[in-house]
Amino acid sequence: HHREWRCERPPSCLRRWLSSAAPAPRVCVVGSGPAGFYTAQHILKHHGGALVDIYEKLPVPFGLVRFGVAPDHPEVKNVINTFTQTARSERCSYYGNVTVGRDVTVPELRQAYHAVVLSYGAEDNRVLGIPGENLLGVYSARAFVGWYNGLPENRDLKPDLSCETALILGHGNVALDIARILLSPLQLLRKTDITDSSLAALACSKVKRVWLVGRRGPLQVAFTIKELREMINLPGTRAVLDPADFTGLENAVKDAPRPRKRLTELMMKTALEKPGEKAVEGLGDSAKAVPTGDVEELECGLVLSSIGYRSLPLDPAVPFDSQRGVIPNSSGRVEGVPGLYCSGWVKRGPTGVIITTMNDSFDTAQSVLEDLQGGVLDMIPSREGFGAVESILHSRGQCQAL
């Protein structure tokens, strides 16, 4: 198993003597993306004795900050510096190449730690559930983003970029990221940390036109103004919006919250020519998409489905709401399982930006701290932490290169 930032702790005899009064709380965090690191950071900062071990399925840390953020958004990746500081704490250890639920189970982790926090994110994508979804040339946004960011499981994707028209299903920031990467001039992409193989493929790309297709109207788009501006200002590219989509929106947007108002005004300003008709019931964020019965055909050679990510159940011992794709919880405390917590997308669903996840993770960490201080967690006996997990990994032949 690959390890980084391994800090030695006092020998066990000394540790036992030091901790005979009250054992140091051992906390396990599953997943090393923003949710995992922010949870660890908050616990370490506000509890002077807590020891935190972070487990990760991949060899390397940082989750979607590393493999999900667009390569031309380096400023978003700056949080990696904060996470590295957390990992350097002598009370924090990182273990990569460990798949929880397979190499070691959640009940086994609960035996080895006083508290276990599940922060493993949303590794699947939502499916459309329509015929043709599995045709050649149809990809999930998640796989495509993983491809240009060098995620090991997606690096051999080889998307066919020989067509002139691509279609992206979805109106979120990820959809705009993909459109921007597909249409960006090569000299801009060369300055980013995009993978060499993706850059080579994009250099040969014939894609000139990208449709962004969503179920609902302009008032319900999920992307934010920064991403829209980047798209509108992309050199050599023209944003084309249908003016008919914006009819009567001046009044509807008057009382909208300021960010939504500014976003809609920018779209209205940009709106140019054509196509189609759609019907939306209701107003504001909650409007429902209603089939009109009209069918429009868009010819394209590449379809990318960007309709959201989805969390998967990790272990039969952990309750999971398949309908909502989250672990049922209250302030991060997993329902019915004392000592088990969750944070990030698996806690609240795959929405929001990094700051949303930060606040959410601090909320969970606070629950852990309250339970440690309030005597909710059984602190006697002391727990072995990674020592116990290491034995389990060895017994299953999962321990190479420790």
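Even glycines carry a Cβ here, placed using N, Cα and C.
Residues or ranges marked as domain 'FAD/NAD(P)-binding' by TrEMBL: 26-182.
Sequence annotations record features per position, and here TrEMBL assigns FAD binding site to Ala35, Glu56, Leu64, Val100, Trp345, Gly352, Val353, Ile354. Contacts of Glu56 (FAD binding site) defined by a Cβ separation under 8 A and a same-chain sequence distance of 6+ are given as Gly31, Ser32, Gly36, Tyr94, Tyr95, Gly96, Asn97, Val98, in order along the sequence.
If you look up TrEMBL, you'll see His171, Gly172, Asn173, Val174, Arg215, Arg216, Glu227, Gly352 marked as NADP(+) binding site. Its own atom aside, the Cβ of Val174 (NADP(+) binding site) has 24 Cβ atoms within 10 angstroms in the protein chains shown.
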Max pairwise CA distance, angstrom, over record-listed NADP(+) binders His171, Gly172, Asn173, Val174, Arg215, Arg216, Glu227, Gly352: 20
Among Gly172, Gly352, the most crowded of the binding-site residues [Cβ within 10 Å]: Gly172
Close binding-site residues near Asn173 (NADP(+) binding site), where close means Cα within 10 Å, chosen from Ala35, Leu64, Val100, Trp345: none
Listed in sequence order, residues with CB under 8 A of Leu64 (FAD binding site) and six or more positions away: Gly33, Pro34, Gly121
For the binding-site residues Ala35, Val100, Val353, Ile354, the one whose C-beta sees the most other C-beta atoms within 10 angstroms: Ala35
